[in-house]
Structures are given as structure tokens and as C-alpha cells.
Amino acid sequence: MATAAATSTSETEAEPKAGPTAEGEEDDVKTARTRRKVLSRAVAAATYKAVEPGWDQPEEGVSESDGDEEYAMASSAESSPGEYEWEYDEEEEKNQLEIERLEEQLSINVYDYNCHVDLIRLLRLEGELTKVRMARQKMSEIFPLTEELWLEWLHDEVSMALDGLDREHVYDLFEKAVKDYICPNIWLEYGQYSVGGIGQKGGLEKVRSVFERALSSVGLHMTKGLAIWEAYREFESAIVEAARPIAGFLSPFDWEQTFDSQLEKVHSLFRRQLAIPLYDMEATFAEYEEWSEDPIPESVIQNYNKALQQLESYKPYEEALLQAEAPRLAEYQAYIDFEMKIGDPARVQLIFERALVENCLVPDLWIRYSQYLDRQLKVKDLVLSVHNRAVRNCPWTVALWSRYLLAMERHGVDHRVISVTFEKALSAGFIQATDYVEIWQAYLDYLRRRVDFKQDSSKELEELRSAFTRALEYLKQEVEERFNESGDPSCMIMQNWARIEARLCNNMQKARELWDSIMTKGNAKYANMWLEYYNLERAHGDTQHCRKALHRAVQCTSDYPEHVCEVLLTMERTEGTLEDWDIAVQKTETRLARVNEQRIKAAEKEAALAQQEEEKAEQRKRARAEKKALKKKKKTRGADKRRAEEDDEKEWGDDEEEQPSKRRKVENSTPPAGEAQGLEAETGLFGKSAPVDVDPPSKQKERAAALKRDVPRVPHDSSKDSITVFVSNLPYSMGEPAVTLRPLFEACGEVAEIRPIFSNRGDFRGYCYVEFKEEKSALQALQLDRKTVEGRPMFVSPCVDKSKNPDFKVFRYSTALEKHKLFVSGLPFSCTKEELEEICKAHGTVKDIRLVTNRAGKPKGLAYVEYENESQASQAVLKMDGMTIKDNVIKVAISNPPQRKVPEKPEARKAPGGAMVPRQIYGARGKGRTQLSLLPRALQRPSETAAQAENGPAPQPVVTASAAEAPKMSNADFAKLLLRK
């Protein structure tokens, strides 16, 4: 029967029948067989010893140490820390220097996770057993360890365990290991190792206890729970098989009773497992049918069928996890929502634990999990354990610490333990000044709830007051020195202290002293602060102090003085004497008059600044118009003038400065050779050209239309946007864009067509459309964005019809606060990504570095550095800000880009006075290059008589943009002008 079970298990491991066998969780077949062999031999030996202590079986039995050797053989990780030997003393010396450097680094910053890992690795290679044990112990006190780190540690300790005391030490390590994360492999190792001590007193109960706890922890795991169930069954089955040969040592009655009891344990395990939805349930059911000598009860079959139905409902979520890539947060969130709708607490807890294995650095997930436990389960040990693990994983998140303090208070934890936890929170390294204010406020609230205010004085009250004093000093010294701000500009902590003194301690004198201190910290100009103080005096003070506070408020308030004046007059109207009323009226009128005068001056100053801006804008506009007019004068009108200018460079040399694009237009207008000769012959002595035959405008338009028809148009089908990407910022000099780009995009999938865009002259315009056969290829092609092509970063974006989606923007990067990402400025332009990464990785694990470049691919001296978590990023800011790189002093800060300015929509434009600005001033597309006047020539008045040219006729008057900006005229004004003519 045990052989059948082993065969079934081997088949399951080799070829999973019912879906995903996990996220990489299946043990090797050889290891599984070794484990079963260890279980069977250890159980057999222990059974023989229990029945006949003097009996020994040299060939079949195993000693305790033999069992440990078998366990070590079955382990897949390294078993000896000294298995590596360095060939050269130079490498040993190098490692020793690195160990010293890491130890020094940890003495400065004990929260450097990577330093801990590197130190343990080097100590293990050097064979420093005592030091590596101490290093692991220190790290486990600060951080939860991953499954790999725990297994490595456990294997090393098992290989060094010699006696019962060492075994107890290993047991303690296993207990710590299973508390950090949900780890089925560690539970399996724990069960296997405990089998080696089955011969000790209480060994059998210890093994069963370990397996039962393992089932409670991971037995419901859809993909990994099967291994725990099978290992437990193999253990109990091995006891059954080992009990058969010793039937002669017991009476028939005792043996039959013992044997039946053991068989019932195996039956119970089968029935319990078949009632839980797990993968490969069908194989387990078939194994049970083969193993059991009696028919399977109907109730077991019903539970099995029900579990199969449940399995079908869980499969979509498990398959989504299998197909996704780590950390699979979105898939886990959907799975959690599904489990919470069903409402089974054990399964909800399990899926949270599974999600946290891969997302242990996501504070929101910890908050959601702890909130569920606080509100639903309310089990003290479980709740506090999860809160403790949360702050160990994300110590930089103040919300987790605040919730931890509340949970400890809620479950009646000792005051000293809560105080120690608060001190740990202060040293956790928050990245914002406001975080320290929040944790102090949470702790002060806890201390306030401990005080019995019915007593005039108590130890708790004195502790509360000393905590308030310490909080203010801490914010002023520690926080303000680090962040250049206290994090509490409104002095909320002092306000709360003042309320407690006034309302609960009846100590208005202390409250007034606190409010005086609040006002001296820059809050005297705010009306709401004075009114808060006034309300406190109103409730717990006297009228005299209320009046005094309002008089001071009238003099100091600058944001809403009218409101403060109104409150003062209201109080004097109801409670004051005539003299009080007169004084209040006089003070309020004087103050309001002064305020109005200041506001008028400020408005005049603002208007003057606005006028200056308008004048500057007008000057810029006039300068642009004059520049355009000057360009028109210098523009040539044909090939004859261009040749004349070449002969007389002194007079007509300005055209050499024309842009290439304008020169092309002149070349395109060059007449045929025959006409050119005729024109040359007719050129006068002074460079004047004879009249030339010029085509009428209609023919010119036909010729231009023909040129446009010669250039092939590039049609675009908007229905294929999902399989098309838009590629831009390509070099204009690219000879054959389609040929150049095709190999690049074919790596993403089959390319249907590449459509480059050309100008009317046939020049490549720097962008194109790339159409694929499949949508997934287009999505993959977006990963090529910013890839360098012929020295320029190529932009790849989705193909979107802007007329249907005018607000569509393509920006790959977050514009919100990212606490795990740094913004680095002031970098030298020669700094490469590799050089920056070498500097940054000394402070944590660098996930990505992005150097900011312009459209031409040139660096701008800016970079974004993404770390693995917020803690590493905050440490990097402290260490790197102000660092010198290649004679450049860089600035480093947490990435928090400013809000992007959204361009105003045309319909939202308004003039300063509030009226809508007419759209016709600049046209539908804004201010154009040429602001032509639509005023008839007969109505135009030339400003000045143009000077005659030295070598030709006087130029025609040029209409500038300023002419178009003449005052508006009515129809009657136009009629008068015409009549004058």
C-alpha cells in the first residue's frame, strides 16, 4: 500500500494531471523517494526500540545520527559551510577585507539588507561558523528571512547538530523559520527532521504535532498543500508497516487494537484530504480506493465531489497565477476579493499569506491583511504576529507602525513592550517629516488613554507631559535637522496638548503658554488659529482672556481679518460694555481700513506688473513683425536676380544666408534653360530684368497639384489601430526607412507593412506606421520605445486617432510621488548608465536606471534611479545627495515630479477683464507666421514713403502684423473712408 502511494506520488510529480503544480514547488523525484525511505526506516527503528529496548537490528535499523545523515543527504542545498576552499591566500585576504568593510557598514546602518546577505555569504565561504551564526541571528532580528536563506541556515545547523541539545536548537530555528512567511518546503523539512528524533521521549507526538501544524498552515494550499498531506500519510503508513513484524512481541488483543487504531489514523488523513479542493484530487481518491480494504463511505464520496466542484471555481484564479509573472499582485488581489466574498477565514488568511510571499514590500497589502484580522478574527497571537511581520517587512511605512501600536493596546500588551515598539518605530527611517508627527501622535494618544484624569496627579499624567515635551524637542532637533522642516507647521501636537491641559486637567495657564508658543511659530497671521484659541478660552477660560485674544487677532490676522473683526464685535455686542464696544469698533475700523489700503496697493502693483508684461509682449510682437517684413524685402523673385546677386555680391549677398528650405523653393521656380538664356540677354545694365512671361495663378496651382499627385499618399485605416504602432523621431537622412526598420520590428512579430511618410518633394519626414499581423506583436513593439536608431532615440507609441481621442497622451512614466525611486540632477553629460549604477548599487538593489535625454539622444544631466524598496531609496538619498561625480555636485531627492500644466482649451481662453477673447485674432490654430491684413488697399494708409533702392525700383510697402492690429471699425467707419476717396 505504501508502494502504491509512492508510485502515485511519483506520477504526480512527473506529470501533473490537473493544472498548475505550482509556482516551482514540486520536489525532485529522487529527493521524495529518499524522504520516504528516511521516514519508513526511522519509524521502523523507533517502533522496534519502543517495543523491545534491548533489541537491535544492525542491517535494517537506523540510529538517530543515521537519520540525520539521511536527512542531510536528502537536502538539496549546501550542507557544509566550509566546502569551499580558496586556492590563493590573496583571495582569502580580499574576502577578509570585504568582511571588515561590510561589518563597518552595518555598524553605521543596521537596516542595510544587502550588506547582511553579502556578509553571511562571505563568512560562510570562509568557514567562520560562529560568526556566520551570529550574523544570521542579527539579520533575523531585524528582517524576516526568505525561504532560501532559512533553508541554507537550517541545513548548516543540521549538519553541525551532535546531541539532543543541538537538536532542540534546530527545533527552535524551525519554529522561527515557519513564522516569517508561509513556506511549505520548510514545513516539509521540519517534519522530516523531526522524524529523526522519533526515538526520543515524546518523539512520535512531536512528529504528529509538526505535521498537524503544517496542515493548518499550508494544508489548504491548492498547489503546495498536496506534498504536506502525502508526507503525513507516508509517515503514518510507515508506522503501520513497521508494526506488522512486531506482532509477536504483543498479545493478540493489544496488537490488533494498536494496529486498528493506526489504520484509522491513515483513513482519517485520506478523508480529511479528499474534503479539501486540491490539485490532483482524482489520483488521491484512486489511491484511497486501492489502499482501503473496505468500500469508501458515501459521506466521504459526497465531500469529495463537493471539493471537486469547489476546485473548478478556484481553477481560473490559480491558472491566472500560473500564467502571470512575479510578483503577480493584480492576480493575487483578484483572488483575495474572491475569497473574501466566500468568507472562509482560513482560506482568506491563506491567500493573503501566499500573496505576501511575493509582495512582502507592498505596504497596502499588509494594511489590508492586518485590517481584516483586526476586524474579523481578532485572535491576539495571530493579529500581533501579522502586525509585527508587517513592520519588519516595511519599516518605512508609518501607517503600519500606527496600526501596530493600536493593535497592541487593543489586546492589552504590557506598557513596556509598547514603549519599546514605539522606540523601534522612531529608528525605522521614515522618508517624510510628517511621518514622524503621525507616529508621535499615535503614541501620545495611547499615553493619554492610560491617564485617569479624575486624579489631580499621577505617574501616567507625568509620563504623558514628559512625552509631549520630548516630542516637541524631537521634531525640532532630529526631524527639522534632517528634512529642514518639523513636519508640523500647524503645531497639531501642541494644540492637542493645550486641549488636554484645558479640558481634562483644568490647567488654562499651561494651555495659554502653549498657544503663545504656537502663535510665535508663524501661525499668528491665520484667522483659524486665533479662532481655535478663542474657542478654547470661551469654553474653559474667561471673558477677559477671550477679549484679549480677539484684540491680538485683529492686529495680526492677514488672511481673513473681516471674520475675526466680526467675531470680536459679536462678542462685545452680547457681553461687553459701551466702552468695550467703542474700543472694538475703533480697532476693527482702523484695521480694516489699513487692510483695504494694502489690498489696493497690492492690486495696483499687480496691475502694473501685468501692464509691463503686456508691453513686453507687444514689443516682442512688433519685433517679430519687423523681422518678417525685413525678410520679405530680402527675398529674391527668380533665377535672374539670383545670378545678378552672384555677380554683385556686395549688394545682393544677403541671400547666401537663406535657409536650405527656402533655397529649394527658389530652385524649384527656376525657368527652363531656353527661357533663362532669353532672360539673361534681356537683363539691363543696372541689373533690371525685362518683363518675363509668368504663368497665370491657375496654371501655377495646376502645376503644384500635379507635383502633389506625383508623391504617393500613405493611406491609414483607423480600424487597424490595434495592430499598428506609430514610429517617430527618426533621422531625416534615413535612406530606405522600411528596409532599415523591418529587421528591428520583425523581432516582435510578423510585420504586415511599414508605411514611411514623405514630403511633397520626396524627402523622408522622420515618422512612419508599422502594421503587424497580430495585436500582441504591436504591444510588444511598444517596448522598443527610446531605442537608438542611427544616433537618435526612436519613439514608438500606440496608433490613436487624435480627432476621436484629443486628450490622449503617451507618457510611460509615473508623474506621482514614488518613494522607491530617486531623481538625480546635476550629472555630468559624460556620465554613463553603467557608471551611475556602480555608484547607486552600493546603497541597495537597483532595479532600473533611466538617463534623461533630449530628442536627439543627447544627455540632459538628469536620471531616475529605481530601488527595490523605499528603505533603500531613503538611505541612498542620505548618502548620495551632494556627492561629487567628475567635478559635478549632484542633487538627489525622492522622485516627485511637479504637476504637468494642462494646455488651455480654446473655448476656455479669456481676456484679463473676464470677456472671451475672440478666436479670430490668431485664427483657429493660434498665431500664424504671416499675419496678413484683410483691409482693402484703397483703405490702407502708408506710414512712411519708402526710400528708393540704389539699384532698382522702390520696394512695395510691406503690410506688417501691426497693421492687422488696428482698432476695430464699424460699417459706418468704412463707409466714411470710402466717401473720402
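The backbone N, Cα and C atoms fix where each Cβ goes, and this holds for glycine too.
Among the features that TrEMBL reports, compositional bias 'Low complexity' is placed at 1-11.
What TrEMBL records for 57-71 (among others) is compositional bias 'Acidic residues'.
Here TrEMBL flags 611-620 (among others) as compositional bias 'Basic and acidic residues'.
For 621-636, the entry in TrEMBL reads compositional bias 'Basic residues'.
The compositional bias 'Acidic residues' annotation in TrEMBL covers 646-658 (among others).
Here TrEMBL flags 696-718 (among others) as compositional bias 'Basic and acidic residues'.
Annotation source TrEMBL lists domain 'RRM' at 723-801 (among others). In the domain 'RRM' (723-801), helix, strand and coil residues by DSSP number 21 helix, 32 strand, 26 coil.
Look at TrEMBL and you will find 820-897 (among others) tagged as domain 'RRM'.
What TrEMBL records for 1-36 (among others) is region 'Disordered'.
Marked as region 'Disordered' by TrEMBL: 49-84 (among others).
Look at TrEMBL and you will find 611-718 (among others) tagged as region 'Disordered'.
If you look up TrEMBL, you'll see 937-964 (among others) marked as region 'Disordered'.
Here the domain 'RRM' (820-897) is broken down by DSSP into helix, strand and coil counts: 22 helix, 32 strand, 24 coil. Model confidence over the domain 'RRM' (723-801) is summarised by a mean pLDDT of 89. The DSSP breakdown of the compositional bias 'Basic and acidic residues' (611-620) into helical (H, G, I), extended (E, B) and coil residues amounts to 10 helix, 0 strand, 0 coil.
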